[in-house]
Amino acid sequence: MCSELPPSPTAPVTKAEKYSDPTRVFNSDGVENSKLELSIESKSEQIIGLEDVGVVSQEELRKIHRKIDKRILPWLCITYLVMRIDLNNITNAAILDEERGDDIKTQLQLTAQDWAWAIACFYYPYGFLEPFSTLFIKSTTPSFWIGRIMVTWGIIVCCIATVQNYAGLISTRVLLGAAEAGYYPGVIYYLAFWFKPEELALRVAVFYSFGQVSGFVGGFLAFAVSFASGVLPGWRWLFLIEGIPAILMGLATFFILPDFPQTAKFLHDKEREVVIQRLSKNAPSKMAKTWDRRQVVKLFRDPTFWTFSATWFCHAIGGFGLSYVLPTVIYDLGFTTTALSNVLSMPPSLATFVLLNLLGWLVQMRKWNPYWVAIGLEIMNIICYVLLLTVNDVIIRYLALLVSTATAGSVYPILWPNRVKAAHGTTAAGIAIGITNALAQFSGILGPQVFLSVYGPTYKFSFLVCVGLLAGAVIFIAMSGALLAELGFQRTKVIDKQRGRG
């Protein structure tokens, strides 16, 4: 219970009372800053006044959010885990049964360049179709579109198990990229219909961390399948085993996933109104039109669109490129068998899961500044790459790989809520999320090229390229925060002024 009741809705508040309230902060023009208010307000005493539904306590709001979380997040996390396993299984297949000559490269007679293209070709249709596929979440329904994505990608993954040559592998990988386009940005877009951007940090972190666990699960499956070769080579079993669950879960998504707050049958009328009215007028809405050309023009004129885009591009190659060849790089570091290398690709995924959930909690619950967190992660990544460039000890190099994989996997989800908040409107949010995530696909387009096996076993050229790109990411993260006045300096200045220190 609150220690003090709020003023009556009909009782006027004088200017003196308004400006003397220590829980309210105003800028130099006398306009109240809601973000600053939230940062100094006691959570236990926070009361939210909403038009039409009256006063809602913070405890009531938490109950509504828990209800939504239980209904939506577990299913999204599990489906994303399956999606990432299917996306990354080709990295495990690269070295599966290589000692016996039953690996995919030997059977399909692939060169190192052929293999790099087999990985990269997925990301061209995937990246190109992401903005359009993201908007289909709104123009159709989330349950239909996400379910459709899963069914089609599961079918195509199973088809990869039947390919007989390089052309077949390229064709199925291109189709897989087209089928999977829009899943991840679509989920981010979908969550923006339910929550404020500042409420997304922990939720996106939890969701995204399940994708990182895919490396752990995928490595284990590849290790197990390496003992199952017989009628079929291990890599064919791998694609079959990992494709079928996506089909079944996609069909289930049609019936399990709720669409929008306005149509959520698991919420009461008042709960639906609370969810809808709390959102900003610039937030995506079911009631808004899907395409608004003015929003798109305004989006492309916004400098933060370009700074966020540059951040995603630099980190895609500099931070994430390694993840697409991680088992191969670990094998080249000197570990004796390909099966062991697949096993050793599991701990980095687990480390990412732990670190990401911890940082998401700190950003959302302890109000850590996401820009500074992301900058710190990038600097740690650079330090790990410098160690990989200068140290020859295999154990130290492996530990550096473990830490760099964990830090690299945490940057995007920490920044996503701020990327969503910077886009204004239903169309702008969909396009911004889709294009931004499309740029992340350069990790798969150029990452394998940067980490070609010809640069092994030391990969010094590869890590030098990554260090330069990560330095660029640090600069663009700082620019994004500065343009949005969210680096923390402005808030400190205003709070000090309100307290008489300015």
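Using the three backbone atoms N, Cα and C, a Cβ is placed for every residue, glycine included.
Given the structure is predicted, the values throughout are model-derived calculations rather than measurements.
As recorded in TrEMBL, the features of this protein are as follows:
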- 72-483: domain 'Major facilitator superfamily (MFS) profile' (DOMAIN)
- 115-137: transmembrane segment (TRANSMEM)
- 149-168: transmembrane segment (TRANSMEM)
- 174-193: transmembrane segment (TRANSMEM)
- 205-228: transmembrane segment (TRANSMEM)
- 234-257: transmembrane segment (TRANSMEM)
- 303-326: transmembrane segment (TRANSMEM)
- 346-363: transmembrane segment (TRANSMEM)
- 370-389: transmembrane segment (TRANSMEM)
- 395-416: transmembrane segment (TRANSMEM)
- 428-455: transmembrane segment (TRANSMEM)
- 461-489: transmembrane segment (TRANSMEM)
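Among the stretches 205-228, 428-455, 461-489, the one making the largest number of Cβ pairs under 8 Å with the transmembrane segment (370-389) is 461-489.
Contact between the transmembrane segment (234-257) and the transmembrane segment (428-455) does not hold: fewer than three of their C-beta pairs are under 8 Å, each pair 6 or more apart in sequence. Long-range neighbours of the transmembrane segment (205-228) within the same chain, counting only residues 6 or more positions beyond its ends whose Cβ lies under 8 Å from a Cβ of the stretch, are 73, 76-78, 80-81, 83-85, 87-89, 91-93, 96-97, 184, 187, 191, 234-235, 237-238, 241-242, 323, 326-327, 338-339, 342-350, 352-353, 356-357, 359-361, 363, 409-410, 412-414.
Against the transmembrane segment (346-363), the recorded stretches 115-137, 395-416, 428-455 differ in Cβ pairs under 8 Å, and the greatest number is found for 395-416. Within the same chain, residues 112-113, 115-116, 119-120, 122-124, 126-128, 130-135, 137-138, 182, 184-185, 188-189, 192, 283-284, 290, 292, 295-296, 298-299, 305, 308-309, 312-313, 315-317, 319-325, 328-329, 332, 412, 419-420, 422, 461-462, 465-466 sit at least 6 positions outside the transmembrane segment (428-455) and bring their C-beta atoms closer than 8 Å to a C-beta of that stretch.
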